[in-house]
Amino acid sequence: MTVAASAVSQETEEHVSYTCTEGYEYDPIKEVCKDIDECALVSDTCKGGMKCINHYGGYLCLPQNAQIFITNEDESSQRTDPIPQPPLNPLNPTNPQTPQTRTQSNHRGVVAGASQCLPGFTLDEQNYCQDVDECSQGLHTCNADQICYNTRGSYTCQCHPGYQKHGEQCVDRNECMLSHYCMHRCVNTAGSYFCECKDGYQLASNNHSCVDVNECDLTQPCQHQCFNLLGSYICQCDQGYELASNSVSCVDIDECAFSSYMCQYVCINSPGGYSCICPEGYQLQRTRMCQDINECDTGHECREDEMCWNYYGGHRCYPKNPCQEPYVLTSENRCSCQSAGACRGLPQSIIYKYMSIHSERTVPADIFQIQATNIFPSAHYSFRIKAGNDGGEFFLRVSNQTFVGAMLVLTKSLEGPQELIVDLEMITQHTAMTYRSSSFLRLTIIVGPYPF
């Protein structure tokens with residue numbers, strides 16, 4: 001308690017005023033500063049269901065279940081002189097000689113003028129009452145699973161950390177049912193608890209929080225690529241691979257099994273990819289197409305008197321002069337009969353032509369056109385397949401507009417490799433001179449071994 005006093009003197013009348021510190025007010029009757037009870041003065045001093053506890057010079061707001069201990073004396077205060085005991089009456093040893101005995105209580109549990117101490121205390125050599133330590137002297141009744149704490153004049157039995165009293169027994173305190181502060185899972189143990197994290201997490205240094213585990217750096221679980229996620233990870237495979245059923249391994253994708261159109265000829269699967277190959281006589285164009293190699297341009301084995309003819313997938317050598325008696329070579333690939341007598345009943349001329357088609361070509365297909373080179377006003381032209389169509393593979397369609405040409409039509413699909421020679425005949429009828437002549441176009445058709 002603090003009292004601030006100030007004296008003010010006046011000439012006419014002596015007057016003294018007193019000022020108290022905050023939380024106190026002056027009592028003019030007792031002439032002292034007394035504490036102000038704010039809890040009684042203000043009805044709603046504390047909010048939120050808290051209870052108001054008056055305190056010297058102020059007040060406290062505490063929970064309703066708070067326990068308050070107030071000590072009025074300091075245990076470490078200086079010891080007082082012992083109070084002498086009056087002599088005992090030998091006739092009545094239980095009563096002192098003096099008829100009037102003055103009793104006085106001190107803070108050590110002794111009653112002056114008495115010969116015994118309060119429970120929990122014992123007299124020492126100087127006739128003072130000293131506290132008995134029941135815990136160290138084995139005078140307590142605490143169970144084996146409890147801890148004895150000595151108190152002034154008594155003792156108390158408390159449970160070990162992690163346990164709580166249930167009656168007189170100590171039972172485990174289930175911290176997981178209370179505020180355990182575990183981020184994920186709490187596991188109760190005898191007298192304690194510990195925290196666990198979900199898969200993909202690990203305990204932080206505070207043993208309560210959970211932090212993500214970077215599995216990609218820690219264990220490298222993926223065969224190819226690993227991407228860390230919160231609490232997990234995901235694996236991805238390189239191009240040409242796919243995840244196996246275990247979601248971490250990578251297996252090769254057989255691209256060739258997807259479709260027969262992956263490659264034009266043959267698809268070869270390889271780890272992480274595939275490749276296309278082409279047959280002999282072809283070269284790979286880009287990634288999947290096969291292009292014919294023109295051996296006549298890149299190199300061939302034809303003789304000087306032979307010409308090289310390239311076809312799909314290969315080449316052949318044909319004589320530069322295909323004429324046979326009685327025909328003579330008059331121009332390139334053109335054989336003419338110079339003797340009318342020797343060529344009676346034979347075509348006047350034979351023209352040699354060569355062409356190549358793919359195997360299994362779709363039909364019907366126009367493949368070759370024949371046309372008269374010399375046109376006479378009074379002449380009539382007709383066309384027919386003279387030879388080489390025993391299987392009915394071809395049809396000759398005459399033009400209805402000019403009548404001077406015809407189109408050879410493929411009517412059956414042919415499989416290669418094979419060579420066909422078809423003789424196309426053109427008959428010229430001169431109406432004015434009653435003259436009739438015939439000429440052949442000998443067409444060599446080479447069917448390649450593949451449809452490309």
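Positions of Cβ are set from backbone N, Cα and C atoms, glycine also.
Keep in mind that TrEMBL annotations are predicted by a computer and have not been checked by a curator.
The compositional bias 'Low complexity' annotation in TrEMBL covers 91-101. Under the heading disulfide bond, TrEMBL lists CYS176-CYS186, CYS216-CYS226. For 131-171, 172-211, 212-247, 252-291, the entry in TrEMBL reads domain 'EGF-like'. Residues annotated as region 'Disordered' in TrEMBL: 74-104.
Rounded to a whole number, the C-alpha distance linking CYS216 (disulfide bond) with CYS186 (disulfide bond) is 27 angstrom. Across the structure, CYS176 (disulfide bond) and CYS226 (disulfide bond) place their CA atoms 36 angstrom apart. CYS226 (disulfide bond) and CYS186 (disulfide bond) are 31 Å apart (CA-CA, integer value). Sorting each residue of the domain 'EGF-like' (252-291) by its DSSP state yields 3 helix, 18 strand, 19 coil. Taking a C-beta cut-off of under 8 Å and a sequence gap of six or more, CYS226 (disulfide bond) has these contacts in its own chain: GLU215, CYS216, GLN220, TYR233, ILE234, CYS235, GLN236. Its own atom aside, the Cβ of CYS186 (disulfide bond) has 18 Cβ atoms within 10 angstroms in the protein chains shown.
Around CYS176 (disulfide bond), taking its Cβ as the centre, 16 other Cβ atoms fall within 10 Å, counting all chains. Residue density at CYS216 (disulfide bond): 17 other Cβ atoms are found within 10 A of its Cβ, drawing on all protein chains shown. Confidence annotation: the domain 'EGF-like' (172-211) carries a mean pLDDT of 92 in the model.
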